[in-house]
Every structure is written in C-alpha cells, then in structure tokens.
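Here the structure comes first, spelled out in structure tokens, and everything after it is commentary.
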Amino acid sequence: CFISSFLEVIPTDKEEVAFKDLDIAILVGSMPRREGMERKDLLKANVKIFKSQGAALDKYAKKTVKVVVVGNPANTNCLIASKSAPSIPKENFSCLTRLDHNRAKSQIALKLGVTANDVKNVIIWGNHSSTQYPDVNHAKVNVKGKEVGVYEAIKDDSWLKGDFILTVQQRGAAVIKARKLSSAMSAAKAICDHVRDIWFGTPAGEFVSMGVISDGNSYGVPEDLLYSFPVVIKDKAWKFVEGLPINDFSREKMDLTAKELSEEKESAVEFLSSA
C-alpha cells in the first residue's frame, strides 16, 4: 500500500497506517488469474483480500471515503469490499469500467478519423469481463463541427453490433497477447479519469461509465449487484442517467452480463461467509 500527499509517499504494510483517514482509496491489488485456475478459485482468493480491505476501510478510513476497485474481478471484488465495510455508504464504492469506456470511444474515433475527445456518451453496461456490453445507441460524435449520433455517423450497423463489441470486450486479452503483460498506461489513465470525475464532476451534457451498486436502477438490473451503468456526477455524488430507451438487442446483452454478475456474487457471498 502507498499513501500519498502533496508532500510525501509512504510505503507501508500496516492497515492502520495505509487506511487511516482516507479521502480516496484505489484498490489495485488482487490475486491475478493463473494458468489452470478456475474462475471460482480466483473469486475465493480475492474474497479474502477484499474482505480484509473492506474491514480496514470500515475501521480506519473516513466515512466519506470514495473507494475505487481496480483489481479483477473488479465488480465482485468491489461488492465484497462494500459488504465488509457496513458503516460506509454503498454509493461510495465504485469499480473501474472506464478503461472499457475509453476503449469504446477510441474504436469509434478510429473508425471515423476523429479524436476520442470528439466522442461522448458511450456506455459500458455490466461486468468488467468479456460479457460487458459496449453500447453506442446513445453516443454522439463531433464530425466537422456537427454533433451526430454514432450509428448515423458510421452507417455500418453490422460492425457496430459485431466487431466493435467484440473488440472492446476482448481488448484486455489482445493487449496481454501482444505485450505479454496486461495494460498499464491505459489503465492508469482510466483510473485518473474515473477519480477526476468523482472529485470534480462530469461535464454538462456528458455521462460516463462506472461500476456502482445497482439498487434503485430503472433498467431492470437486479438489486445488490456492482454493475456498470451510465452515470453523471456532481458534488462527489453519482446518479444514474435515467430514461434511455433500451432496444431488444441491448436488453439481451444487458441481461447476459447481469446473469454472470449474479452468479459471481452467489459464489463470492458463499466464500465470504466462510472466509
């Protein structure tokens, strides 16, 4: 663990030092999946880690702390950390799907020959896994000074419903195959983007993707899941973007990733009770 301030960085392995009076906690460390390891084995190992970190946050951090979970499986690790810190509001916990969000923006920008900053309001629904659903039905792109819908700008529905989604879903594996290591700088950039938006809010007219507690959502996602939604943020508090129409194609993809998260949660909670 590292504690940073404007003056110093303090390396420590003591929870009472690392978690004391935190404003923001970025939980990067998790057990990586190893060759031959089943997903349940990965969950079991990480439940112990995030139960411990959640308990330490509960004991030592400020009750206003904002907790960002990066270590995979990020959504379920975040849920376990939250359940292990009952005195900290569930809404203070989020997991990183901004890397996927940024990748989706980049794929659209590359296709159109614009910059990623010209693309806004893409959505990552669900799990930070290969079941995630990158959705551009509500996204906009600035082309030659005019803002248009992504579907209208690209005019290639089969690509948007096929290769685009697969590329974003499988980008992490492609990076590992290419460099023999997982992404580093792009992940760090996504963490910075995520924390900046928590702290300073989202720009007017824009929303971002963030894994948050599903309680009270209007999109038919089961309660008590850490699921990636489109959100807007103001005064360090996020809100669901409401009222987006969901077509049948999107509904199927959103339900599939919710099913995976429900199964992960079931396994993780079982391990939590015995951890």
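Note that the numbers count up from 1, one per residue, in the order the chain is shown.
Cβ atoms are placed via backbone N, Cα and C, with glycine included.
Over in TrEMBL, the protein carries these features:
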- 9-93: domain 'Lactate/malate dehydrogenase N-terminal' (DOMAIN)
- Arg33, Arg39, Asn72, Arg103: substrate binding site (BINDING)
- Asn46, Val70, Gly71, Asn72: NAD(+) binding site (BINDING)
- 97-271: domain 'Lactate/malate dehydrogenase C-terminal' (DOMAIN)
- His128: active site, proton acceptor (ACT_SITE)
**OP:** Starting from the Cβ of His128 (active site, proton acceptor), draw a 10 Å sphere and report how many other Cβ atoms land inside it.
**Re:** 29
**OP:** Starting from the Cβ centroid of Asn46, Val70, Gly71, Asn72, the recorded NAD(+) site, name every other residue in that chain with its Cβ within 8 Å, sequence order please.
**Re:** Leu27, Val28, Gly29, Ser30, Met31, Val69, Pro73, Ala74, Asn77
Original post:
By a simple count of other Cβ atoms within 10 Å, which of Arg39, Arg103, the binding-site residues in the record, is least packed?
Top reply: Arg39
Original post:
Across all protein chains in the structure, which of the binding-site residues Asn46, Asn72 has the highest Cβ count within 10 Å?
Top reply: Asn46
Subject >> Around the Cβ of Val70 (NAD(+) binding site), the count of other Cβ atoms that are within 10 Å >> reply: 22
**OP:** Provide, as an integer number of angstrom, the distance between the C-alpha atoms of Asn46 (NAD(+) binding site) and Arg103 (substrate binding site).
**Re:** 26
**OP:** Work through the recorded positions one by one (Arg39, Arg103, His128) and name whichever has its CA nearest to the CA of Gly71 (NAD(+) binding site).
**Re:** His128
Subject >> Per-residue pLDDT averaged over the domain 'Lactate/malate dehydrogenase C-terminal' (97-271), given as an integer >> reply: 94
Original post:
With DSSP helix as H/G/I and strand as E/B, how many residues of the domain 'Lactate/malate dehydrogenase N-terminal' (9-93) fall in helix, strand and coil?
Top reply: 39 helix, 12 strand, 34 coil
**OP:** Write down the Cα-Cα distance for His128 (active site, proton acceptor) and Val70 (NAD(+) binding site), rounded and given in Å.
**Re:** 10
Original post:
Max Cα-Cα distance in Å among Asn46, Val70, Gly71, Asn72, the residues listed as binding NAD(+)?
Top reply: 12
